[in-house]
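Colleague: According to TrEMBL, the feature domain 'SEA' maps to 1-102, 215-324. Under the heading transmembrane segment, TrEMBL lists 328-354.
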Amino acid sequence: MDFKETLRDEKSQDFKDLSDKVSRDLYKVYVVLYPVGFVRVLVRRFRPGSVIPEVDLEFKANSTTTSNPDIVRALYTSVNGSGNVGDLVLDKTSIKSDTADVNTLPPLSIVTEFLLIDGFTPGLSSSISAESIQLNDKINNWLKPILETYYGQTMVNSAFANFSNSDNWIQTKVEYQFSTPIIVNPSKIIDGILASTSPVRYVRGTLKVNENQAQFQMFPFSLRILNKDFSDGLSNRGSTEFKELSTQVTTSIKKLFGNEKGFSEVYVMKLTKGSVVASTEVTFSPGSTSPSRVSQILLNGIPSQETEGLKIDPTSINPPVPSTPRPFPGFAVAIIVLCGLAILIIPILIIVALKTGLFKKLAQAFSLRSPDYYDF
């Protein structure tokens, strides 16, 4: 686009037309990445060379802080394929936001977090232990190829996972850094991780990428197992006893929900006394089912769970299956309708009777008189 002198005058039609187009096309870029905090685009002025817009991006004061490098990456990513934003043909290498430009961007950090369903051991507290190194390699061999599908082989340095104790399960956090001007929506990365085959068992609902959490609908339930005796080992999520019984529970429950639309996973979060009470979480994709539906499936599946070696107390299913309301009797409906009609008709009949003297005639007809009274 060639620069016109009229673009220096914000009151000119050329300025207004180009300003509207720049504002509209840039708004579409940033409102997708920042749907809550982003407000609008304000064009301050145009400079020659060919045409250089100077633009303010306005965010809500209490919104998540957006960095200048992220602003550059967002626009660069938008024009990376076609070179266009709407009808505007941009030189993507010229994008700047304050001191941040395409050629001087700091490494992009991708922080991934999730909870591993494995017992935490003291060796995982040290990054140089054999346990820690082995688990780290397993996680990197899984996650690194997924991230490289979005960012290419631009990793800056080797990532090492941090492991911590979360009630005897393993809380995992690993940060990757890429030298790239491209930014990818975290939800897209989350979808890629969830769709992959994991070499480790993890709670899918705890997966986060840059503080954006995987979206699942969690249904917590308590189940009392009558044919199991509680032992101290069952209170430790890292113990062999907990692993064996929780695996038995989750395997049997998975069979009940295998054909349910949106079903994801079952987890035993803890085991407590009485005989053994299993606190479970059944996870579904958002909006795919309801608590009453999950309760009903669990209740209907009690006989099949007994064949799996688990005798479940049906009264322990908590939350319970809501009772089905009894249908209203048909004869009661008929009575109500007839009574309603009577209430409407009787006042009309009374008014008609008063108007026509019907009550007086009826009184005479039914009065007791001697035969001599009547004139035949």
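Placement of Cβ uses the backbone N, Cα and C atoms for every residue, glycine included.
What TrEMBL says about a protein is an automatic prediction, not a curated fact.
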Colleague: Using DSSP, what's the helix, strand and coil tally for the domain 'SEA' (1-102)?
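Modeller: Counting residues by DSSP class gives 41 helix, 28 strand, 33 coil.
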Colleague: Using DSSP, how many residues in the domain 'SEA' (215-324) fall into helix, strand and coil?
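Modeller: Counting residues per DSSP class in the domain 'SEA' (215-324), I get 41 helix, 31 strand, 38 coil.
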Colleague: Would you report the average pLDDT that the model assigns to the domain 'SEA' (215-324)?
Modeller: 90
